């Protein structure tokens, strides 16, 4: 980072009344002679690990859905990756991490990654090249809206998915990420903490997922199956979950932006939290019948999502209790939403990601220690109960923003191109209706051969 940019940045932050820690980021960058090779290597490896989480998410979700919708979820996620990558490179990074505009959003100074150096650091990451940080954060920006696909699976048109993903990323994710990670109002003025995305990613996506599930309504035969449609390929789902688990170490420990004690602590917290949450799910599922595969993998994902915001701020021993709380809360949230309220969040995104992200973010207010991460704060257990209120402010602000805008975007998209497929198309499956393909060629059309022909003849890609 050149001297002029450093001076300009420090002056702007002082003028805006930023905390000394925010100003210090610029000074740390100025004092850094060159990016550290070891830290740069770790962040680049973490970037690759988080990228791998996205096809892993596709495997996980495809295996849990019905076979006639396998390719649709894979196509949504893989298409989302490339669209969101282009957006981030063109303007997303700049809106998120560009110079702050009244605490709300960045500007377009770094559009198309202009002046994002491959040689010098950035204030957000004083030990690595600015470009390495930009590409690492690209993966977070990419995966966030893709998490929502599990909530509305098997019901939403592909073009509606693309429209919602693009609009949601711009209106929800970029501002929220700026508020907490990019020098915006929640961190600058209140000190809201989110190590790797419990608020920015899991709360925003989880709350939005619930809104979408409510908006699009239940799938056909929801009551018949009690909300638990038979999965098509549990081994595929398990492989996806295992790859997600592995990638989560890059997600959480990579957020330390250095290969050191904070990254090590995040690795420990991630493994412990995910494991204890899974144990809770195994015990509860066994108590109701038999321990099943879906419970194991959902329990792991719930724990990993919930430990995400706290992993770099708390002693890893707290991950035991937090993991247990996350397992209990997510399990009974699924029972409440799906089996009591009959909300068809197909893959329980609101419970496994949303609720756990909220709990983990609030846990920072109790368990955070400056001795673990000097860039954080002490929580209530260490003499600072105000941090609980700070974290609550962050969670509520992001949840309300995400929920409100998601509903508005759905209404606009529905009024223009439509959101949901009709019931007869749902019967055939999105693989055929939206993409003209089958994942498995032994799928029965179940007496719908005539409708199959009409669907084929109605789509341009068969002409």
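Note: Cβ is positioned from N, Cα and C throughout, glycine not excepted.
Taken from Swiss-Prot as is:
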- 1-39: topological domain 'Extracellular' (TOPO_DOM)
- 40-60: transmembrane segment (TRANSMEM)
- 61-76: topological domain 'Cytoplasmic' (TOPO_DOM)
- 77-97: transmembrane segment (TRANSMEM)
- 98-127: topological domain 'Extracellular' (TOPO_DOM)
- 128-148: transmembrane segment (TRANSMEM)
- 149-160: topological domain 'Cytoplasmic' (TOPO_DOM)
- 161-181: transmembrane segment (TRANSMEM)
- 182-194: topological domain 'Extracellular' (TOPO_DOM)
- 195-215: transmembrane segment (TRANSMEM)
- 216-233: topological domain 'Cytoplasmic' (TOPO_DOM)
- 234-254: transmembrane segment (TRANSMEM)
- 255-265: topological domain 'Extracellular' (TOPO_DOM)
- 266-286: transmembrane segment (TRANSMEM)
- 287-293: topological domain 'Cytoplasmic' (TOPO_DOM)
- 294-314: transmembrane segment (TRANSMEM)
- 317-337: transmembrane segment (TRANSMEM)
- 338-351: topological domain 'Cytoplasmic' (TOPO_DOM)
- 352-372: transmembrane segment (TRANSMEM)
- 373-392: topological domain 'Extracellular' (TOPO_DOM)
- 393-413: transmembrane segment (TRANSMEM)
- 414-463: topological domain 'Cytoplasmic' (TOPO_DOM)
Which of 128-148, 161-181, 234-254, 393-413 contacts the transmembrane segment (40-60) most, counting Cβ pairs under 8 Å: 234-254
Positions whose Cβ lies under 8 angstroms from the transmembrane segment (128-148), at least six residues beyond its ends: 1, 35-36, 39-40, 43-44, 46-47, 50-51, 53-54, 57, 76-77, 80-81, 84-85, 87-89, 92-93, 96-97, 113, 116-122, 164-165, 168-169, 173-174, 177, 181, 197, 200-202, 204-206, 208-209, 212, 251, 254, 257-258, 349, 353
Closest-packing stretch to the transmembrane segment (195-215), where packing means Cβ pairs under 8 Å, from 234-254, 266-286, 294-314: 294-314
Stretch with greatest number of CB pairs under 8 Å, the transmembrane segment (234-254) reference, 266-286, 294-314, 317-337, 352-372 candidates: 294-314
Secondary structure composition of the topological domain 'Cytoplasmic' (216-233) [DSSP: H/G/I, E/B, coil]: 1 helix, 0 strand, 17 coil
DSSP helix/strand/coil residue counts for the topological domain 'Extracellular' (255-265): 7 helix, 0 strand, 4 coil
